[in-house]
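Colleague: Annotated FMN phosphoryl threonine per TrEMBL: A:Thr185, in sequence order. The region 'Disordered' annotation in TrEMBL covers A:348-371. Annotation source TrEMBL lists transmembrane segment at A:20-37, A:43-60, A:67-87, A:118-135, A:215-233, A:240-258, A:264-284, A:296-314, A:320-338.
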Amino acid sequence: MSILSSPFAKKPNSVTQMMLWVVIATLPGLLALLYFFGFGVLFNLVIACSVALITEALILKLRKRPIAPILWDGSAFVTAWLLALALPPLLPWWMTVLGTSFAIVFAKHVYGGLGNNIFNPAMVGYVLLLISFPLEMTTWLPPQELAANPVGFIEAISIIFTGAASDPAIVDSLKQGVDGFTMATPLDHIKTELAQGYRIPEAESAAIVSGLSGVGWQWVNLGFLAGGLVLLFKRIIGWQIPIAVLLGMGLVSLPLFFANSDHYLFPMFHGFAGATMLGAFFIATDPVTASTTPKGRWIFGLGIGVITVLIRTFGGYPDAIAFAVLLMNMTVPMIDYYTKPRVYGHKANKGHGTKKGHDEKTSAIKAKGAN
Amino acid sequence: MDLITAVIILAVLGLIFGGVLGFASIKFKVEGDPIVEQIDDILPQTQCGQCGYPGCKPYAEAIANGDEINKCPPGGEAGVKALADLLGREVIPLDEERGEEKRPSVAYIREDECIGCTKCIQACPVDAILGAPKLMHTVIIDECTGCDLCVEPCPVDCIDMIELPQTISTWKWQQPEQMIPIKQVEAN
Amino acid sequence: MERSNFTSEIAIFEIPGGVHPEEHKLQSNQAEIRRLPLADELVINLKGQAGNRSLPVVSVGDKVLKGQMIAECDGVFSAYQHAPTSGEVIAIEKRTIAHPSGLDDLCIVIKPDGEDTWAELSPVENLEDLSGKELSGKELSREKILAQIFEKGIVGLGGASFPSHIKLKQKDNIHTLIINAAECEPYITCDDKLLQEHAEEVLKGAEIISKLYHDIKIIVGIEDNKPKAIEALDSARKSLELDSIKLGIVPTKYPSGGEKQLIQLLTGQEVPHGKLPADLGLVMHNVGTCFAIYQAIALGKPLVERLVTLTGEACQEPGNYWIPFGTPVHHLVTATGSTNPKRLIMGGPMMGYELPNDQVGIVKATNCIIMSADGELGMDKTALPCIRCGKCMDACPASLLPQQLYWHAQADEFDKAEEYDLFDCIECGACAYVCPSHIPLVQYYRYAKSTIRNNRIEKSKAEKARERHEARQERLERVKREKAERHRKAAEARKKAAAEAGKKDAKKAAVQAALARVKAKKEAQKATDDNQDGES
């Protein structure tokens, strides 16, 4: 008989349940995306998720691991789901396939599968696509209110799979290029304008940048914020990382804004632009690749926030959540090592495994054993 | 001129860093155990000689001089692994010629049959057998390392090796069975 | 479950972590405390306390009376054992004992005669009125009480079975007695029930302990999910006029009843690593222990039975029962009409252990037997990889990093695990309870801890063997040297003797030669003389 250790009671929770909640919590944001940017997102989701599950199953088979229980944990599904939410709606299908399978194979299984990967797989896939296909990856549809010819269901399928639309009007706008059919994101727009020597207030006069952080985008971010709050409330994610990310962004963008509001965006704009809320609540909180200690979570989140604003402001890319997350992923082992919490009965943070602490401990244990 | 400045700067830097390193090597000198001592620490000290050397220390010295690390059956797989870790060598399976890894056991003398020849006493590497010529001998269980060396010399075969029973104080928890094996054993 | 609205009389501090498992206490804390018929035989485990195994003082065939001492202490760190009922000793042999290993150990088996006749009891005198101030009188010497507690086999009844006389020995600088009535584990209600029905005796026991330290402060730490027990304590305190006793009501959260955790909750202090509560001036005893101490001092009753919670969905008559020690668990199962329990767990669902079989006898540490139905406890799930979600860390009351400990324990990196303070883990199980990957974390820690302990023992044994071997080598070397020396000396002596002998020979030869010369001379002379004679 194999001897089982206590505890025998078990909280009725599971990884599958956690992952399911993450997917559910993205729904408000997803709805906003669907409303403003059409059905393309839906196809991205379907393609990404099915590719992720198939790739995962194949790899597990190759690695001679049990397939069903691991597939069922839902982690591959969530990776693909989050990646698809971050992709432009009308991205050609094969790019989605490439990004997703790269994420599963190279960012996850090469490191040993779930729990062993250092980098957030969804963001690895995203960054791969971003640096390989910068044009496609920064080309978004105009939000529904600004679109002359909103893209319908059939058109979306057609564009994603064949690169051509059936509706003549859309074919026309496709031919016209950037101005007619596709459009930059607000962040991208502002970056371009600033580069051309305009000031922020001038750049903000464009239709796409109206409102809190641009038409459509503010609602997408609000949607993800709402979903994130649900996750916080359900205690699926800790509160430290999302708050720290937003705080980190504020810490950099506020002084910049006060120093020169002509050149630097208002912090609120940063908070609701691009992938901020998705990143803060869904990406940065990926348990596998985030820091796990209480202090470490703060450092990790602050780092992401700061790096994001720095790259957005001074770097070459309009948005930077993905880069910031990956950069901070790298530092996690070190953060975790230096932020061990103070253990019950120990004085302040003892030296990290210094010889002295070790000796005291063993001698104390010996003394106890001798009693 | 630039060249000379550069050379001078480099030379000065070299001197400074050299000085710092030299200082550090004296100030923070690590008094490490000599490697033989460290190897000897890992060996189980059964002194059984199954490795072909007359005791653990000589085998430790032999390992330090390049002998294989898999000749110690009492140390078992765990011992080989610890030695491999220490010396940065490959983990290799135990040398079967040297014997198998056995559960801890002790020698037991059937005292009725003992003729008091003292042969076992002379064989015992840790002086764990008590007795005198023509008088019955007995094993001090706590001191016995279970090395087997006393069994062979006994002219009347009155020594048995008895496995130590598992008690509550020696019992330990097993590692839970892992659903996903860490290591997959390659099928030949 | 119902919460008490009694406000705590002392400030309550917070502990980190903790979990809120389903309490399951209503099943067993409704009925009155009962007794079950005696079992056919009682199997008394001689290792039923922390420390050394007791040494039997009876032999097979002896008739014993209830409360008669049947095994004595082996050294100070051990306890006396007494017959739980009158009857005959039918065996002293190895039986399966209450231990997670399922191993055998020495037990005394008693066949009850059904009379349940008490041996003569020897209460400490002058204790008729414990509520009064007489106790402080000089007639009650500290030694006398301690000796009584020692001889009556009292051990901590909270779960660890630590011999009470050792805990009470330290005399100086103790300023507060904490009575642990928190009982934070799910299912268990024996302390709750004991307080509901015997609060006065418990408080009297507590007072006896406080007298040992010259009237130190008494705090009762109790979770707010025991409103009736709190009421009972309050009214007992009033009727005994022990107003100095303070009730510390702590919020229900597992593991608030852990010794270190309750100290933190009630005083805000942490027991420093490697130290004992006594170093903070605190001493803690469980309510059951207080009751047992009262019984031992005032009535002279040795510890022969305890209150045990029998519960679980398979138990048909859940409740709290006075169970004599050694009662086999199968008797408890049949006597409560329980059928086919899926698992038998001794202790609570968080820290108890599964019994290897139902022949095991109840020991002093047994506070609960859970007879669980199929699927009642949420375990038996396949473990998935750790996703580092950190929920274990949030639940850990010792602020450890359970995910790191697990990581190192499963890779056999024991020194790293120790670096992450493995030995500060109290094995409360909060981490494994919340783990969404269903990893049996505590088992990994126990595996690592027990392996480290065994390794240490082996190491010290090897060290001893090495020393003995080296001593032997040295001795052999010395003997060889001495032998060689002897040989050398002997050889020298021989040589000397030989040389000496040679010298003597030379002398002799010289003498001989001289003699020969003389002889020859004489002969020559003689010859010349003869010649001369002949010529002449």
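Positions of Cβ are set from backbone N, Cα and C atoms, glycine also.
Nobody curates TrEMBL annotations by hand; they come from automatic prediction.
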Colleague: Can you name the far-off residues of the same chain, 6+ from the ends of the transmembrane segment (A:296-314), with a Cβ under 8 Å from a Cβ of it?
Modeller: 187, 191, 238, 240-253, 256, 264-265, 270, 274, 276, 279-280, 284, 290, 320-321, 323-325, 327-328, 331-332, 335-336, 339
Colleague: Based on Cβ pairs under 8 Å, which of the stretches A:43-60, A:67-87, A:215-233, A:264-284, A:320-338 lies most in contact with the transmembrane segment (A:118-135)?
Modeller: A:320-338
Colleague: For the transmembrane segment (A:67-87) against the transmembrane segment (A:43-60), do we get 3 or more Cβ-Cβ pairs below 8 Å once near-sequence pairs (under 6 apart) are dropped?
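Modeller: Result for the transmembrane segment (A:67-87) with the transmembrane segment (A:43-60) is yes.
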Colleague: Relative to the transmembrane segment (A:20-37), which of A:43-60, A:215-233, A:264-284 accounts for the most Cβ pairs at distances under 8 Å?
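Modeller: Selected stretch: A:215-233, with the most Cβ pairs under 8 Å.
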Colleague: I'd like the Cβ neighbour count for A:Thr185 (FMN phosphoryl threonine), meaning other Cβ atoms within 10 Å of its Cβ, all protein chains included.
Modeller: 24
Colleague: Answer yes if the transmembrane segment (A:215-233) and the transmembrane segment (A:264-284) have at least three CB pairs under 8 Å among residue pairs 6 or more apart in sequence, and no otherwise.
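Modeller: Touching, yes - the transmembrane segment (A:215-233) and the transmembrane segment (A:264-284) meet the threshold of 3 or more Cβ pairs under 8 Å.
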Colleague: With a Cβ cut-off under 8 Å, give me the same-chain residues at least six positions beyond the ends of the transmembrane segment (A:43-60) that come close to it.
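Modeller: Distant contacts of the transmembrane segment (A:43-60): 30, 66-67, 70-71, 76-77, 79-81, 83-85, 87, 89, 91, 93, 96-97, 99-101, 103-105, 109, 113, 156-157, 160.
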Colleague: State the three-class DSSP label for A:Thr185 (FMN phosphoryl threonine), counting H, G and I as helix, E and B as strand, and everything else as coil.
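Modeller: The residue in question, A:Thr185 (FMN phosphoryl threonine), is coil (DSSP, three-state).
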